[in-house]
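Undergrad: Quick one: the structure is below, questions incoming.
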Amino acid sequence: MPKSKELVSSSSSGSDSDSEVEKKLKRKKQVVPEKPVKKQKPGESSRALASSKQSSSSRDDNMFQIGKMRYVSVRDFKGKILIDIREYWMDSEGEMKPGRKGISLNMEQWSQLKEQISDIDDAVRKL
């Protein structure tokens with residue numbers, strides 16, 4: 001028989017057990033597992049900071065804005081060149097983060113898209 005989280009109010013004798021069940025449900029909802037904090041060694045923090053600055057500047061060089069918060073970027077991922085067309089959003093610290101909406105094209109797909117641009121333009125003009 002499936003367990004239900006609904007509380008059925010009955011006579012006053014059952015109200016004590018109902019309140020106990022309610023308290024247990026509230027406790028379960030409040031418990032949120034915390035993510036473990038990663039500790040960095042003193043030498044690592046400076047290296048990580050330097051690499052993040054370097055990657056962000058190179059990322060900015062390869063980003064081309066095509067809309068309000070939409071960019072085309074060229075990047076290297078596991079030795080393969082990818083062209084990303086993606087929406088970005090601003091986090092609470094004012095840093096741009098990539099959004100869910102987007103696509104990554106490998107070089108073959110990018111070449112096929114470039115070859116079909118004139119056909120796509122013609123289709124847009126017809127509409």
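Note: Cβ is positioned from N, Cα and C throughout, glycine not excepted.
According to Swiss-Prot:
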- 1-62: region 'Disordered' (REGION)
- 1-50: region 'Regulatory' (REGION)
- S4: phosphoserine (MOD_RES)
- 7-16: compositional bias 'Low complexity' (COMPBIAS)
- S9: phosphoserine (MOD_RES)
- S10: phosphoserine (MOD_RES)
- S11: phosphoserine (MOD_RES)
- S13: phosphoserine (MOD_RES)
- S15: phosphoserine (MOD_RES)
- S19: phosphoserine (MOD_RES)
- 31-44: compositional bias 'Basic and acidic residues' (COMPBIAS)
- K35: N6-acetyllysine (MOD_RES)
- 45-57: compositional bias 'Low complexity' (COMPBIAS)
- K53: N6-acetyllysine (MOD_RES)
- S55: phosphoserine (MOD_RES)
- S56: phosphoserine (MOD_RES)
- S57: phosphoserine (MOD_RES)
- S58: phosphoserine (MOD_RES)
- K68: SUMO1 cross-link (CROSSLNK)
- K68: N6-acetyllysine (MOD_RES)
- K68: SUMO2 cross-link (CROSSLNK)
- S118: phosphoserine (MOD_RES)
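How about a rundown of where these features are and what they're close to?
TA: If you take every residue in the region 'Regulatory' (1-50) and average the pLDDT, you get 52.
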Undergrad: Please classify the secondary structure at S118 (phosphoserine) using three-state DSSP.
TA: helix
